[in-house]
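Chemist: Below, the features straight out of Swiss-Prot:
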- 1-18: signal peptide (SIGNAL)
- 19-148: domain 'C-type lysozyme' (DOMAIN)
- CYS24-CYS146: disulfide bond (DISULFID)
- CYS48-CYS134: disulfide bond (DISULFID)
- GLU53: active site (ACT_SITE)
- ASP71: active site (ACT_SITE)
- CYS83-CYS99: disulfide bond (DISULFID)
- CYS95-CYS113: disulfide bond (DISULFID)
Amino acid sequence: MKALIILGLVLLSVTVQGKIFERCELARTLKKLGLDGYKGVSLANWVCLAKWESGYNTEATNYNPGDESTDYGIFQINSRYWCNNGKTPGAVDACHISCSALLQNNIADAVACAKRVVSDPQGIRAWVAWRNHCQNRDVSQYVKGCGV
């Protein structure tokens, strides 16, 4: 009985960690989910974006004190405009999704919301990390050797 209690406590103390994708694994997943060429954005640009926004980490979050919003998940999708975290003042929730859904290891919801973001007039330029690290650069290295 004592061993079962200890085992239960050990299992409760295990923290759930987000998935950190390997570069080519992410490229294959994004391609499978329809991002390659979506709204004219190459797969290499999406992988570059994810690298610089989250380090390929599905559980990445970043609080923005200026507007009290938070960026979520592999694409760092913002709670001010795109998802609902129940805390951001004046949030729009244009993706009609809970921000916590953007932190899942299965990135289908994050991809669906990213498709919504890139469909706006600003397109992929909505992401600062893409503008700073991927725009007007050779991003082919992000899919090199991935067979995609």
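Cβ from N, Cα, C; glycine included.
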Chemist: Measuring C-alpha to C-alpha, could you say which of the recorded positions CYS48, GLU53, CYS95, CYS113, CYS134, CYS146 are within 10 Å of CYS83 (disulfide bond)?
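Modeler: CYS95, CYS113, listed in sequence order.
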Chemist: Of the recorded positions GLU53, ASP71, CYS95, CYS113, CYS146, which sits closest to CYS134 (disulfide bond) by Cα distance?
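Modeler: Among GLU53, ASP71, CYS95, CYS113, CYS146, GLU53.
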Chemist: Need this for a regression test: disulfide-bonded residues CYS48, CYS95, CYS99, CYS113, filtered to those with Cα within 10 Å of ASP71 (active site). What's left?
Modeler: CYS99
Chemist: State the mean pLDDT for the domain 'C-type lysozyme' (19-148).
Modeler: 97
Chemist: Need the DSSP three-state call for ASP71 (active site) to compare against my parser.
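Modeler: Its secondary structure by DSSP: strand.
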Chemist: Cβ-Cβ under 8 Å from GLU53 (active site), same chain, 6 or more residues apart: which ones?
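Modeler: Expected: ALA60, ASP71, ILE74, PHE75, GLN76, TRP127, ALA129, TRP130.
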Chemist: Report the nearest neighbour of CYS48 (disulfide bond) in space among the disulfide-bonded residues CYS24, CYS95, CYS99, CYS146, comparing Cα positions.
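Modeler: For CYS48 (disulfide bond), the closest Cα among CYS24, CYS95, CYS99, CYS146 is found at CYS24.
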Chemist: Near CYS24 (disulfide bond), which residues of its chain come within a Cβ-Cβ distance under 8 Å, counting only those 6 or more away in sequence?
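Modeler: Set apart from CYS24 (disulfide bond) by at least 6 residues yet with Cβ under 8 Å, we have VAL143, GLY145, CYS146, GLY147, VAL148.
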Chemist: Quick one, of the disulfide-bonded residues CYS83, CYS95, CYS99, which Cβ has the fewest other Cβ within 10 Å?
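Modeler: Least crowded of the disulfide-bonded residues CYS83, CYS95, CYS99, by Cβ count within 10 Å, is CYS95.
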Chemist: So if I measure Cβ to Cβ from CYS113 (disulfide bond) and keep only same-chain residues at least 6 apart in sequence, which ones fall under 8 Å?
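Modeler: Set apart from CYS113 (disulfide bond) by at least 6 residues yet with Cβ under 8 Å, we have PHE75, ILE77, TRP82, CYS83, CYS95, ILE97, LEU102.
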